[in-house]
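Here is the structure we will look at.
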Amino acid sequence: MLVSVIGAGYVGLVAACCLANSGHRVKCVEHDRSKCEMLAGGLLPFYEEGLGDLLARGVKGGKLSFSTEIESIKNTEIIIVAVGTPSRPDGKVDLGQIFGVMTDISELATEPVTLIMKSTVPPGLGLQLQKRFLFQKSGKIAYVSNPEFLREGRAVKDWYQPERIVVGAETPEAVETVKSLYSDIEAPFCVMDISSAEMVKYASNAFLATKISFINEIANLCELVGADIIPVARAVGMDGRIGGSFLQAGLGYGGSCFPKDTKGLDFISTLNGHTFNLLKAVIEVNARQRILAVRKLSRLLDSLCGKKIAILGLSFKPGTDDTRESPSLDIIRMLGDEGAEVTAYDPMAVLRQNAGPLPEFTLCGDPLAALTSSHAAVITTEWREFLDMDWEKAWKIMSPPRVILDGRNCLDPHKIKSLGFQYAGMGRA
Ligand SMILES: NC(=O)c1ccc[n+]([C@@H]2O[C@H](COP(=O)([O-])OP(=O)(O)OC[C@H]3O[C@@H](n4cnc5c(N)ncnc54)[C@H](O)[C@@H]3O)[C@@H](O)[C@H]2O)c1
């Protein structure tokens, strides 16, 4: 099939490369000129495991091309929209990129064409977009909601082995078109109306965020009653009705999806006259978790003022270079406000503009450089490198009292304590 993908971000680029690898002819439109030039030359603008090979193969084999010109969506059978839907400060979903693309599509698309919305958009928006932008071409442009569930760090695997493919469409023909696009992928198709498909995405992210905030609350209580969250969470998760994933206590969620989608769903709820109390609590608990970590460190060091703190990990999770809404950046900001001097290291993170204004800190090229003469270290991202690090050497170059705050509960407390460090985890007895 001849496919256009609009937006070469984490979602659009994975879609474009994987579809080209599956034999479709894909034209990807990205309006950021420098990003587009990199891609056309076969270079990735961000890290994602396995994506570089697919990109190079697609470009070399002529199945995948890139352009800044939106006109290239003409004469394609399928248009996939994968532009950003960031949060506004009030939590409302910023639909500026979506409206911009819809204007272009309404002017340029040659019918018949199937428009597949992969960006996460508020439930009900698809119906509005059809009325507002596609009314002159009604019946000729089939609008489909096909939310994306890939996870950064394992996006290519998720593309080829999704747990389900959700399709919100108004006609059986549109559903069939989506099925032919994914003909090489084995997964259950969940077919429904457009607004329901849009809701599945928000409900899924809100539920996963709820699990994280729930286990963090249990962890906080564990500390108060002298219990240990690690065996607690493990045993709770062994109940098949609950499941063990997303039950890792720590600094809470970050990234480009959970924070904005939980806030977005809360805003949508309020707009519709519903007070989503549970979700409000999830968001509040997540924000508080970072503050609790800073308070804990302040207690352990007596005061943060004048202390040197090393932050290990800047990306919001391991396996990605994405720092959007990363807990570490918030923590660095709070430490700076308390008068601490912050150094930081991450094996992969790239501090891009889309992560917002940056707090002040010294970025180091290796973990030991960040740790040199620091009074404390905070593990903010559970990169393998920090688990395997020479902690004995770290002890030698750090300054007393040598506190390790393991914000992801990823180190072995016995080993760390036996080296002479003061160790504190999240929810550990
Ligand atoms: N990142 C994830 O893990 C993930 C997972 C599932 C769903 N989503 C959703 O997918 C959507 C995209 O997310 P992302 O992380 O890929 O965003 P992103 O910000 O990384 O990428 C969006 C890209 O679209 C480009 N763009 C914007 N307007 C354009 C236009 N008019 N023409 C051409 N290019 C344009 C931007 O320059 C950018 O490169 C969002 O709605 C997000 O919520 C993201």
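Yeah, the Cβs are placed from backbone N, Cα and C, and that goes for glycine too.
Same-site candidate for NAD(+) binding, as annotated by TrEMBL with K35, T120, E152, K260, R324, chosen from T76, T85, T362, T372: T85. TrEMBL lists F149, L150, R151, E152, K201, F246, L247, Q248, A249, G250, G254 as binding substrate, and of K63, K74, K92, K317 the one it places in that same site is K317. In sequence order, the recorded positions near T120 (NAD(+) binding site) (Cα within 10 Å of its Cα) are C257, drawn from R151, A249, G254, C257. Candidate binding-site residues: K35, K201, K260. Fewest other C-beta atoms within 10 angstroms, K35.
Taking the Cβ of G254 (substrate binding site) as reference, residues of its chain lying under 8 Å away and at least six apart in sequence are, in sequence order, F316, K317, R324, E325, S326, P327. Residue counts for the domain 'UDP-glucose/GDP-mannose dehydrogenase C-terminal' (310-413) under DSSP, split into helix (H, G, I), strand (E, B) and coil, are 31 helix, 18 strand, 55 coil. Each of the binding-site residues R151, R324 was scored by the other Cβ atoms within 10 Å of its Cβ; the lowest score goes to R151. With a 10 A radius on its CB, C257 (active site, nucleophile) counts 27 other CB atoms from all the protein chains. Distance noted between the C-alpha atoms of T85 (NAD(+) binding site) and K201 (substrate binding site) is 13 Å.
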